[in-house]
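> Sending over a structure as structure tokens; questions will come in a sec.
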Amino acid sequence: MQKSWLVLLVACLGLQGTTALTLHRRDLPAVVSLDIKRNNAVDPVARDRMRRKRDKTVEQNLDNEETLYFCNITLGTPKQSLRLVLDTGSSDLWCNAANSTLCSSRDQPCNASGSYDPSSSSSYAYTSSDFNISYADGTGAAGDYVTDTIHIGGATVKDFQFGVGYSSSSAEGVLGIGYTTNEVQVGRLGKSAYANLPQAMVKNGLIQSNAYSLWLNDLGADTGSILFGGVNTEKYHGELQTLPIQTVNGVYSEFIIALTGVSLSSASSHHNYSSSDALPAAVLLDSGSSLTYLPNSIVQDIYDDLGVTYESSSGVGYVPCSLAQQNINVTYTFSSPIITVGIDELVLDAGDLRFRNGARACIFGIVPAGDSTAVLGDTFLRSAYVVYDLSNNEISLANTKFNSTKDNILEIGTGDDSVPGATQVSNPVTSVVADGSGARIGGPTGEIFTDIPSATSSGGAAAPAGPTDVPKHLVLGAAAIGYVLAF
């Protein structure tokens, strides 16, 4: 594959505003491109709970296996290969130590994602024993912060800091690329931030600005990509529109924006939920969450209109798999930008699960948020092209262009209004309260991880029975039309 920019292929794989910006086109734009790949999660809700923690571009392809996105990197000298979960909702890169309690167990659960052996790397250096991340259900990892050389596609960053878990309950390491203020040593210990991956790329001259764009592609695609330091104009429709990121307790720590409208439409009907008392709402953009978590009242209305069966013990909504063939859209409004999600992107394979009438049951990609901040996870992000501009504390959105094979890479420059072709939304809603609650993938809970609760061979742990404080009447749904799960 020949390209005129620096490409790091790591198979991990209307409008009112200012005039659009001058495009930053160079023969050799500083970008880093990474492939990302999707992987299946047997129980996406349990997995979300377990992993919720609280002229320069780099592109990485993303591997897509329906409910989780991975990227492949190498660490150390010589190189040690790892497959990590890409997560915009956290900020630390961490991986399991080869001799960790979990990886050393009989069933060798770390084989698929790999592990890191510091003693085998000549470029390894110990930093501290401060790494300790705990998730909302008590799972987590503890160990050391270290530095070593990271290779991500064709780029190399030396003396890169990351966490190594010697005690862990997840076989899957995480590549967190959020704000440095959300790093474990900052949030839990009050220490100064270190340069995580996007910031380290800027520091090493690989990209100009601490910004990246994410293109997950559709549910049927195996791969997507993340482009550090640039945008790919062939991956979205229309224009990018820019919104301010909301602070949490006065600090920029998570990718939270204001959701102002939600609607459901088909060829024959339209249901608008924008009058709900739950809107406008603070919503977190989180690639580490498989599903989308919306305010309870909105989910109740959607479930009623679609006939979704809510199973309270697992916290999952189920629909007939045939629903994916219907011409139905869920539309999200963010002051001005409108992102449309087709129903086929919200109907997820649940294996051989069936309703009592024999119809195949699929997981519905929207579930109640309970008391936690609403989360726009992968069932939303696949339909949106998102630019995360950490330098300017802004998010730019457009509707994704599915299965595009063309590329037009433009570099994100420095300073204000640096995202190519993006326009600022005039008078965006900002009056939303973001509490940063919940340990989404990576979001530290502030608790210390001290024990490993019954890890499975895949690194999973038993999940709570259901979402916190979800109305019991959600259990109804499709039972009224004969769709009752057969257990």
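Cβ atoms here come from the backbone N, Cα and C positions, even for glycine.
Look at Swiss-Prot and you will find Asp87, Asp286 tagged as active site. The feature domain 'Peptidase A1' is assigned by Swiss-Prot to 69-398, with sequence analysis given as support. Among the features that Swiss-Prot reports, N-linked glycosylation site is placed at Asn72, Asn99, Asn111, Asn132, Asn272, Asn329, Asn403. According to Swiss-Prot, the feature GPI-anchor amidated alanine maps to Ala463, an assignment based on sequence analysis. Per Swiss-Prot, the feature signal peptide maps to 1-20.
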> Whole-number Å only: compute the distance from the Cα of Asp87 (active site) to the Cα of Asp286 (active site).
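Cα of Asp87 (active site) to Cα of Asp286 (active site) measures 7 Å after rounding.
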> Applying a 10 Å Cβ distance cut-off over all chains shown, what neighbour count does Asp87 (active site) have?
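Taking all protein chains shown, Asp87 (active site) has 27 Cβ neighbours within 10 Å.
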> State the Cα to Cα distance, in Å, between Asn111 (N-linked glycosylation site) and Asp286 (active site), rounded to an integer.
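Checking the Cα atoms of Asn111 (N-linked glycosylation site) and Asp286 (active site) gives a distance of 26 Å.
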> Based on Cβ atoms within 10 Å, give me the single least packed residue among the glycosylation sites Asn99, Asn132.
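Each of the glycosylation sites Asn99, Asn132 was scored; lowest Cβ tally within 10 Å is Asn99.
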> What residue among the glycosylation sites Asn272, Asn329 has the most other CB atoms lying within 10 A of its CB?
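Comparing the glycosylation sites Asn272, Asn329, the most crowded Cβ belongs to Asn329.
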> Over the span of the domain 'Peptidase A1' (69-398), how high is the average pLDDT in this prediction?
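94, rounded to a whole number.
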> Do you see any of the glycosylation sites Asn132, Asn272, Asn329, Asn403 whose C-alpha is within 10 Å of Asn99 (N-linked glycosylation site), and which ones?
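Checking Cα-Cα distances against Asn99 (N-linked glycosylation site), none of the glycosylation sites falls within 10 Å.
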> Between the Cα atoms of Asn72 (N-linked glycosylation site) and Asp286 (active site), what distance do you get, rounded to the nearest Å?
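With the alpha carbons as reference points, the distance is 19 Å.
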> Using DSSP and three states only, what is Asn403 (N-linked glycosylation site)?
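Asn403 (N-linked glycosylation site) sits in coil per DSSP, no helix or strand.
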> Please name which of the recorded positions listed here, Asn132, Asp286, Asn329, Asn403, is nearest in space to Asn272 (N-linked glycosylation site), Cα against Cα.
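Answer for the nearest of the recorded positions: Asn329.
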